[in-house]
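Enquirer: One structure follows; several queries about it will come next.
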Amino acid sequence: MDDSSSYKRVLSLRDVILFGLSFMAPATVFATYGIAVMSSGGMIASGYGITLICVLFSALSYARLAKQFPSSGSCYIYIKNILGGKAGFIIGWAILLDYILSPMISALLFGIFMHAYFPGISDSVFIIVFLIAITIINISGIKIAANYNTCITVFQILFMIVFCAFSTHTLIDQHGFTSLISTTPFYDEHVSWGSLFTCIPILFFSFLGFDAITTLAEETVNPQKIIPKAIFSIVFTGGVLFVISSYFMQLIIPDSTAIADPDAAAMQIMFKAGGNLLQSLFIVLTIMGTTASAIASGSCAARILYAMGKENVLPAAIFGYLSPRFRTPVINLVIIGSIGLSALFISLTFATHLISFGVIFSLIVINFSVFRHFFVRQQQTHWIKNALLPWSGVAISFTILLALGKDAVILGLVWLLAGFMYVQFRPEKADYAALESADKL
């Protein structure tokens, strides 16, 4: 085999975990806290705990399929091996909503915060410069991107520790040691569990990233062992960070009605916890976090497109091209960067709705595929492991999907319909029979 047509296996367990955490962007907990707490009225720490449990069902399914099919195509490869080539394309099409639009959202946030800090410069300038820089970093190679993400991800985690330290000092100084212990972030008799459930999709968004690392299988040393370990490490690490951070945020501002602007709640919390210093650090964190997330998500999107192009499901000359010099899908990365320019005119709400639908829809199918592959096809009749757990994942994911609301579901269905129409009416060049035969491996 021509070595120029394959990835270099250079990523360790640490690299993969940090890559996934960077895509997850742990600091997202600060950005979404205001919206979530206004939706539920409180108990966000408890909400993150519940969401963690929900995510674990899908994480288990992803880990099992990642071990079974160690390929860079992620859910696309899993589904096409189990349900066929066309189904694989549709699920890959759905998950692309997350990967393709995430760099755009990062660029949009980068432009918003930088323009606020430097009002004399248009946010459009920041967005364009941001996307060019992200594309160049990813083209240079995944190891460079991983090293860059390592620094930023470590900074995010350190900031979360600093925030908790500042919060602890402020709480003790103002209310004494007893103020550090409270059950309110976990249970509040004034908050209904129904209202808490309405914010689960928002909290679920914070966990997106554990699935992204499955696209690195062909660049990871011993992927069948490392990828499953990394999936659970990322989910647990993210869950713990989210619970602890949201716990302290609610202690700093116990009454959600005291939040002046839900979108900017983090700024209000930072100022109350640590004054101008912590606020300034948070601005730096936000900028660095959007950069790390865009690098990771852009890289993942390009690799899924590459997997589809390699199978000729998308035009191979474009999407299946791998640079002989950088061993990266250069054309795909440029396409992702170009799509990111939609940040110049698209709304953040519109994009996040589509992302949520695509990811949750893919999790429904991923969980079902575990049942289909192990319980039905391979006749491994361990009913808890191969039937109960994956079907629980299906039910949980479907329930969260319905909680997104009508607009998100409609927009997502339009995207899926576009993918379905492409599969049905494109020239018969894709060898779907060859894709479907992969399930016999």
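Heads up, the Cβ atoms here are built off N, Cα and C, so glycines get one too.
Annotations per TrEMBL:
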TRANSMEM  16-36  transmembrane segment
DOMAIN    16-399  domain 'Amino acid permease/ SLC12A'
TRANSMEM  42-66  transmembrane segment
TRANSMEM  87-118  transmembrane segment
TRANSMEM  124-145  transmembrane segment
TRANSMEM  152-172  transmembrane segment
TRANSMEM  192-210  transmembrane segment
TRANSMEM  231-253  transmembrane segment
TRANSMEM  281-309  transmembrane segment
TRANSMEM  330-348  transmembrane segment
TRANSMEM  354-371  transmembrane segment
TRANSMEM  383-402  transmembrane segment
TRANSMEM  408-425  transmembrane segment
Enquirer: May I ask whether the transmembrane segment (42-66) has at least three C-beta pairs under 8 Å with the transmembrane segment (87-118), counting pairs 6 or more apart in sequence?
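Expert: With fewer than 3 qualifying Cβ pairs, these stretches do not touch.
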Enquirer: When you check the transmembrane segment (42-66) against the transmembrane segment (231-253), do you get at least 3 Cβ pairs under 8 Å, counting only pairs 6 or more apart in sequence?
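Expert: When sequence-distant Cβ pairs are counted, the transmembrane segment (231-253) touches the transmembrane segment (42-66), since at least 3 lie under 8 Å.
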Enquirer: Does the transmembrane segment (16-36) come close to the transmembrane segment (152-172), meaning at least 3 CB pairs under 8 Å for residues 6 or more apart?
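Expert: Answer yes: the transmembrane segment (152-172) meets the transmembrane segment (16-36) with 3 or more Cβ pairs below 8 Å.
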Enquirer: Counting CB pairs under 8 Å, which listed stretch among 192-210, 281-309, 330-348, 383-402 touches the transmembrane segment (231-253) the most?
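Expert: If we count Cβ pairs closer than 8 Å to the transmembrane segment (231-253), 192-210 scores highest.
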Enquirer: Mind checking which residues reach the transmembrane segment (124-145)? Cβ under 8 Å, same chain, six or more beyond either end.
Expert: 7-8, 10-11, 15, 19, 103, 106-108, 110-111, 114-115, 216, 219, 290-291, 294-296, 298-299, 302, 323, 326-328, 330, 333-334, 336-337, 340-341, 343-344
Enquirer: Within this structure, do the transmembrane segment (354-371) and the transmembrane segment (192-210) have 3 or more Cβ pairs under 8 angstroms, counting pairs 6 or more apart in sequence?
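Expert: Result for the transmembrane segment (192-210) with the transmembrane segment (354-371) is yes.
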Enquirer: Which sequence positions outside the transmembrane segment (330-348), separated from its termini by at least 6 residues, show Cβ-Cβ distances below 8 Å to it?
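Expert: For the transmembrane segment (330-348), the sequence-distant neighbours (Cβ-Cβ under 8 Å, at least 6 residues beyond its ends) are 99-101, 103-105, 107-109, 111, 124, 127-128, 131-132, 134-135, 138-139, 294, 298-299, 301-303, 305-306, 309, 318-319, 321, 323.
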Enquirer: Looking only at the recorded stretches 281-309, 354-371, 383-402, which one has the largest tally of CB-CB distances under 8 Å to the transmembrane segment (408-425)?
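Expert: Per the Cβ under 8 Å count, 354-371.
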Enquirer: If we skip the immediate neighbours and take only residues 6+ beyond the ends of the transmembrane segment (383-402), which ones have a Cβ under 8 Å from one of its Cβ atoms?
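Expert: Sequence-remote neighbours of the transmembrane segment (383-402) are 54, 57-58, 60-61, 200-201, 204, 357, 360-361, 363-364, 366-368, 370-371, 374-375, 409.
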Enquirer: For the transmembrane segment (354-371), find every same-chain residue at least 6 residues outside the stretch whose CB is under 8 Å from a CB in it, and list them.
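Expert: Non-local partners: 57-58, 61-62, 64-65, 75, 78-79, 82-83, 87, 91, 94-98, 101-102, 105, 201, 204-205, 208, 211, 386-387, 389-394, 397-398, 400-401, 404, 408-409, 411-412, 415-416.
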